[in-house]
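*Asks:* Mind having a look at this structure? Questions to follow.
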Amino acid sequence: MAGAIIENMSTKKLIIVGVILILFQILSFLLGGLIAPSPTIAVYYLASKCVDFHKSHQQTRLSIPWGPNQCEKIRDFDEAMARQIEADDITFAIHVPHPYKEMSPWFQFIVSILQLDIAFKVHNQVEEGAVVTLDMTVAYRDDPFSEWTEMAHSVEQRKLSCNASFPKRFKNEGRFYECDILPFMQLGNVAHRFYLINVRLPVNERKRINVGIGEIKDLRMVSIHQNGGFTKIWFAMKTLLTPFILITVVWYWTRITALTRPPILLEKTIFALGISMTFINIPVEWLSFCFDWTWMLLFGDIRQGIFYSTLLSFWIIFCGEHLMDETERNRFSIYWKQVGPIAFGSFSMFIFDMCERGIQLKNPFYSIWTSDMGTELAMAFIIMAGICACLYFLFLCFMVFQVFRNIGWKRSSLPAMSKARQLHYESHLSSPCACLLKNYESGKLKGLIFRFKFLMLVTLACAAMTVIFFIISQVSGDLRFIGEYPLHVNSAFFTGMYGTWNLYVFAVMFLYAPSHKRHEDVQSSGDPAMSTGEDAKLAAAAAAGQDGPPEIYRISGKESLE
């Protein structure tokens, strides 16, 4: 009968495989830390103040800050007042990128935020709960001398949150408030070379539009996009890992279907995990160089959600199928209480993502964080996700503890049974295992249990490492130094954890694939316990089959067939 590769591979070969995986793991971290630059880069822009006396409110007129056909500019609002220029005649214009540079599809996305420079005036202060109304337009072109094409236009509101760190007196007029940044725009791809952004602040005192927002001096924008050098490393990893995992998935399932029994639940779950890893690996981002697909960020979130949902479900089923509690668990319906919350949480995150990035496909200026209800809802989702992640990890640790405890109890109770009873105890709810007693007597069972425990600990280590590296990347700076060599922590986190999950999925599929090695059946050895008719029947029943599930799975006393 064939067992899993992890059970039949020699310790020497298993150590070699482990060392190779560790080396690739270290390489994936070093690839991001020492070779790839920072994942994202922030570019700062100061908006030019353009004057448009001939604007049409029915048709958007674009103001260009520099280059051919550039707009008429003013230095500050004092000049505007001196020239009797109204606020509706002023447009803040930003050209992305800076002069003599170009955007590239390698940048993948653009996320922009606004910073308003608001000066304190005794008779024009920022009111409590003030709301600024922004009339925003974004356009693009691919040639420095071609006409601009409007991409999106929207009128949005942003709530101002400004504090004065000084006494509000006449002597402090001209000092600036400390204002929170405002979410501005998000583009899901960078398909064009040049972008133009126009922002107007329309004023209507009767409707209280842009009233009580203080004296705005300047408008600054921070544009964040993916670093082109990091994108190349990221694409290279995905391109190389896709065929590697795909071939492993095909090889694994070919071995499973070659068995004389139907696949067990654990094997199906491992196959689903491999499929989800392949799905997230496929480098569809290469197509962003050919097509203007603004939904790439949303599609990437969906792929990650599918993978993490499958991974979390796999861990629950993997532990549950090895619990020695005399419960028939080889059915997916048994795990609905554990997998159901995972599916519900994943669906909730999908709805939350659609509420922001889904709407941004049509209106890139939309943000769920701009309203009080949206902010509270978003924070509630994030807090609940963090709490659920912690509870899940604690529950997973509890299940692993149960598996280890039950394996130890089951292992200590085996010597007290007759040989036939041992075989029957280990196979009456599963497929035959005539070699199990022989393995136990030779010490192999002890080695199998050790290997299984080690794989379980590796699983917990992968989960913990993801959380640890994420926290480190959030609370510390990106750049560190190893001697004279710069180390990018965030890049190492992305490439390292991406390599970790690929290597983990490969290791699970490889080690749990059916082995080609076969064991001899145990024959009657003259033991008095084998002389009874009942025990003889038990021994015969234990030697009746051909292909069974992994031995570690069998000793847990689970059903082998659905």
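From the backbone N, Cα and C atoms, a Cβ is placed for every residue, glycine too.
In case it's useful when we look at the structure, here is the feature table from TrEMBL:
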TRANSMEM  14-36  transmembrane segment
DOMAIN    49-226  domain 'Wntless GOLD'
DOMAIN    227-516  domain 'Wntless-like transmembrane'
TRANSMEM  233-253  transmembrane segment
TRANSMEM  265-286  transmembrane segment
TRANSMEM  306-323  transmembrane segment
TRANSMEM  335-352  transmembrane segment
TRANSMEM  377-401  transmembrane segment
TRANSMEM  454-472  transmembrane segment
TRANSMEM  492-513  transmembrane segment
REGION    538-562  region 'Disordered'
*Asks:* Please indicate, using numbers and ranges, the residues of the same chain that are 6 or more beyond the transmembrane segment (14-36) and have a C-beta under 8 Å from a C-beta there.
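*Replies:* Same-chain contacts beyond the ends: 6, 229-230, 233-234, 237, 451, 482, 485-489, 491-496, 498-500, 503, 506-507, 510.
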*Asks:* Select the range from 306-323, 335-352, 492-513 that forms the most Cβ-Cβ pairs under 8 Å with the transmembrane segment (233-253).
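*Replies:* Answer is 492-513, with the largest number of Cβ pairs below 8 Å.
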*Asks:* Restricting to the same chain and to residues at least six past its boundaries, which positions have a Cβ under 8 Å from a Cβ of the transmembrane segment (377-401)?
*Replies:* 312, 315-316, 319-320, 323, 338, 341-342, 345, 348-349, 352, 368-369, 456-457, 459-460, 463-464, 467
*Asks:* Quickly jot the same-chain residues contacting the transmembrane segment (306-323) by Cβ under 8 Å, restricted to those at least six beyond its ends, or write none.
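*Replies:* Distant Cβ neighbours of the transmembrane segment (306-323) are 264-266, 269-270, 272-273, 275-277, 279-280, 329-330, 332, 334-335, 338-339, 342-343, 346, 392, 396, 399-400, 402-403, 406-407, 452, 456, 459, 463, 501, 552-553, 556, 558.
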*Asks:* To what whole number does the mean pLDDT across the domain 'Wntless GOLD' (49-226) round?
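*Replies:* 87, rounded to a whole number.
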